[in-house]
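Among the features that TrEMBL reports, ATP binding site is placed at Gly180, Gly182, Lys183, Thr184. Per TrEMBL, the feature compositional bias 'Polar residues' maps to 97-107. The domain 'AAA+ ATPase' annotation in TrEMBL covers 169-368. Annotated domain 'Chromosomal replication initiator DnaA C-terminal' per TrEMBL: 384-453, in sequence order. As annotated by TrEMBL, region 'Domain I, interacts with DnaA modulators' applies to 1-91. TrEMBL lists 83-107 with the feature region 'Disordered'. The region 'Domain IV, binds dsDNA' annotation in TrEMBL covers 357-478.
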Amino acid sequence: MFERVKTQLRARLGSEVYSSWFGRMKLMEASKGCVRISVPTAFLRSWINGHYLDLITDLWKQEAPDTLKVEIIVRTATRNVRATQESQPAAARKVSSRPQTALASGTLAGNPSARAIPAKMQETDGRSNILGSPLDSRYTFDSLIEGASNRVACAAARTVAESDSNAIRFNPLFLHASVGLGKTHMLQAIAAESLRRKPQARVVYLTAEYFMWRFATAIRDNNALTLKEQLRDIDLLIIDDMQFLQGKSIQNEFCHLLNMLLDSARQVVVAADRPPSELESLEPRVKSRLNGGVSLEIGAPDFAMRLSILKQRLASAQAEDGSLEIPEEILVHVARSVTGSGRELEGAFNQLLFRHSFEPQITIDRIDEILGHVCRAGEPKRVRIEDIQRIVARHYNVSKTELLSNRRTRTIVKPRQVAMYLSKVMTPRSLPEIGRRFGGRDHTTVLHAVRKIEGLTDGDRQLAQEIELLKRLISDQA
Ligand SMILES: Nc1ncnc2c1ncn2[C@@H]1O[C@H](COP(=O)(O)OP(=O)(O)OP(=O)(O)O)[C@@H](O)[C@H]1O
């Protein structure tokens, strides 16, 4: 039923709007007339509530007439955030996953409905970062552990934070890394250090989603001009999670701003989960401007870095609880076992701290049990060929039997080739294995399909977007 509602939404709103706002929706619950759909950020929740809730409710009612209510919820970080914060409309900041985050009252600039901001995030709010998101005061260069995987990026970040406007060297500075490897930490450290050195500097740190929200709200309230003038007047613009910048008109605005800042020698720093050339949803002009500076990758931390991160976490936990003792051998064991991102390490450390509070003599075996859970959570999800076939068939409105049949009509050949292509790129299965799963076809047929779709997506933007949408739908199901 959820798939049908999504198909209807896509048909009514078009692929671009659909993938911008609905691509990351997940159905959490549908019972007793109540439907709960989750999205990853408060920004998306607020936007969907404000613009599309009635439409979604109508579509559900068409599928299930006894539907009373559709509710959009945020699926992450809810443990740290009080209900009052739920009304906050913007992905104005990236909420840290630390459980001890405290809340205090305050107001986001220009955003009266955003009432609660974690206390540790308030220090620079109300200063020069007024147009942007509040900074988390824990994210500084002092707390950023340097090592082989981020040394070059750290050096560039420090140079940017320390240089004055006559000595700009890397512009724009583009940092990319997969999730949890410290992009936000590094960006906010740049903002904090710049403000520390030049308290009067106009520094703006924003997530791309917040940028979209600021513009969309300003356009709605006929304030776009004022906002543009304010943004024009800044010294350092820092944009996080660039991969989420969607929509042609917002990208045009961003492109104007980027051109204007770069041409007037103002520093711009951008981070994303991939390099500029791979940001499929970005307009070529934006990509090319972002490509014109320096692009650096942050890699996964090695053992030495992981151990340093854990030791640093322990030191700050000990600053709050002087009696806390965790033997070094345990930290070494955790650093060896949790080999993923800083965020996974943080998760492992929080688990450790929690267990330690009622099991102070915790053994390495017990830690393995606990970390088994943390490590599994960090593993990539396994995508199944059956899920790919089911989702692709539904997307193109053909049956799975038709997809696997020998019929050669165009309306079936294309979905079949797309499904084979996705099976190749999203699973570790070999070409012969994929052929077998597609009604006993030869591996050369699968190879032909893969090449055909690869060739088509190069020139056909709509197909490329369709493939991206399908990838997301499939990953969400995995
Ligand atoms: N080198 C590091 N030193 C200290 N802490 C780190 C380092 N790398 C990551 N972390 C910590 O790991 C957590 C996740 O980092 P952060 O949020 O900056 O990652 P990200 O790359 O922005 O993730 P996402 O792609 O999900 O936005 C943070 O608490 C951060 O402080």
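Cβ atoms are placed via backbone N, Cα and C, with glycine included.
From a predicted model like this one, the values you see are computed outputs, not experimental measurements.
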Here the binding-site residues are Gly180, Gly182; the one whose Cβ sees the most other Cβ atoms within 10 Å is Gly182
Restricting to the region 'Domain IV, binds dsDNA' (357-478), report the mean pLDDT as a whole number. 84
For Lys183 (ATP binding site), what is the tally of other C-beta atoms lying within 10 angstroms of its C-beta? 25
Per DSSP, how many helix, strand and coil residues does the region 'Domain IV, binds dsDNA' (357-478) have? 91 helix, 0 strand, 31 coil
Report, as a single number, how many Cβ atoms besides its own are within 10 Å of the Cβ of Thr184 (ATP binding site). 20
